[in-house]
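Taken from TrEMBL, the feature domain 'G-protein coupled receptors family 1 profile' covers 5-265. Taken from TrEMBL, the feature transmembrane segment covers 6-23, 35-57, 69-92, 112-133, 160-182, 210-230, 250-269.
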C-alpha cells in the first residue's frame with residue numbers, strides 16, 4: 001500500500017507537470033498529439049489509484065464492490081494502444097522519408113486518438129453498467145473480484161480480458177515490427193555511409209524505439225501474462241493464491257509506468273524539450289529580475305540610512 005501511495009504521489013506530480021506544459025501550446029506535430037493523449041491516459045490512471053489503495057487498506061465490502069466495478073477496469077483504459085501510431089510515424093520518416101502519409105498529419109492524429117478513446121471507453125462503460133445491474137449480494141469481503149460477478153458478469157469479465165489481451169498482442173507485434181524495420185534500415189544506411197549526420201539521426205531513432213519496446217515489455221508483458229490465467233483460475237485454491245500474488249506484483253510494475261512515461265516523453269518530443277527550456281529560461285530571468293530589485297531596494301535603504309546623519313547635521317547648523 002505504501003509503495004502504491006508513493007507511486008501515486010510521484011506519478012500525479014509528474015503527469016500534472018507534463019500535462020500543464022503540453023496543453024499550454026498547440027500541437028505542432030502528430031507525435032505531440034499522441035503524446036498528449038498518452039499523458040491524459042496516465043493521468044486518468046492516477047485518479048483511479050486512490051480507490052485501489054483504499055481497497056487494499058480496508059477490508060470493506062462496499063469499497064471492494066466499488067473497486068471491482070470501477071477501479072479494476074481503469075487498467076483497460078490505458079491508451080498504450082496509441083504507441084504503435086507514434087512508432088509508425090517514426091517508421092515512415094525513416095523507411096519512407098520522401099513519402100507523405102495521411103497519418104503524419106495533425107488532423108489524422110486527432111481523429112485516431114478520438115476513435116481510440118471511444119473504442120476503449122464504450123465497452124468499459126457498458127461493462128461497468130452491466131456489472132452494477134447484475135451484481136449478487138455479498139456479505140463478507142472476498143479475496144477475489146469474481147465473487148461480485150453474476151454468471152453473466154463473469155462471462156462479460158472474461159470476454160473483456162480476452163479483448164484486452166488481443167489489443168495488447170496487436171500493440172506488441174506492431175512495436176516489434178516497427179523496431180525491426182527501423183533497425184534494418186539503420187544497418188543498410190550504416191553500410192553505405194559511415195559517421196554521417198543522417199546515420200546518427202537514424203541511430204537515435206532506433207534507440208528511441210528500443211526504449212519504447214523495452215518499457216512496454218517490462219511494464220505490460222508480465223501483467224498480461226499473469227492477468228489472463230488469474231481471471232480464469234482465481235478461485236482454484238492454491239493455484240489461485242499464487243496467481244493472485246503474481247498478479248499484484250505485475251500490476252505494481254505496470255502502474256510504475258505512470259512515473260516512467262513523463263521521463264520518456266521528455267526525451268521523445270523535441271518541441272516539449274524546447275518549451276521546457278524556454279520555461280526554465282523565463283523562470284531564471286524572473287528570478288534574476290527579483291534579485292536585482294531586492295538588491296536595488298537594499299542599496300537605497302543603505303543610502304537612506306547613511307543620509308540621515310548628514311541631514312541632522314545640516315538642520316543643526
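For all residues, glycine too, the Cβ spot is worked out from N, Cα and C.
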Given a Cβ distance threshold of under 8 angstroms, which distant residues of the chain, six or more beyond its ends, lie next to the transmembrane segment (250-269)?
3-4, 7, 10-11, 14-15, 17-18, 31-32, 35, 38-39, 42, 45-46, 49, 75, 86, 208, 211-212, 215, 218-220, 222-223, 225-227, 276
Cβ contacts under 8 Å made by the transmembrane segment (160-182) with residues that lie 6+ beyond its boundaries:
73, 76, 80-81, 83-84, 87-88, 90-91, 94-95, 123, 127, 202, 205-206, 209-210, 212-213, 216-217, 220-221, 224, 227-228, 231
Averaged over the whole of the domain 'G-protein coupled receptors family 1 profile' (5-265), what is the pLDDT?
77
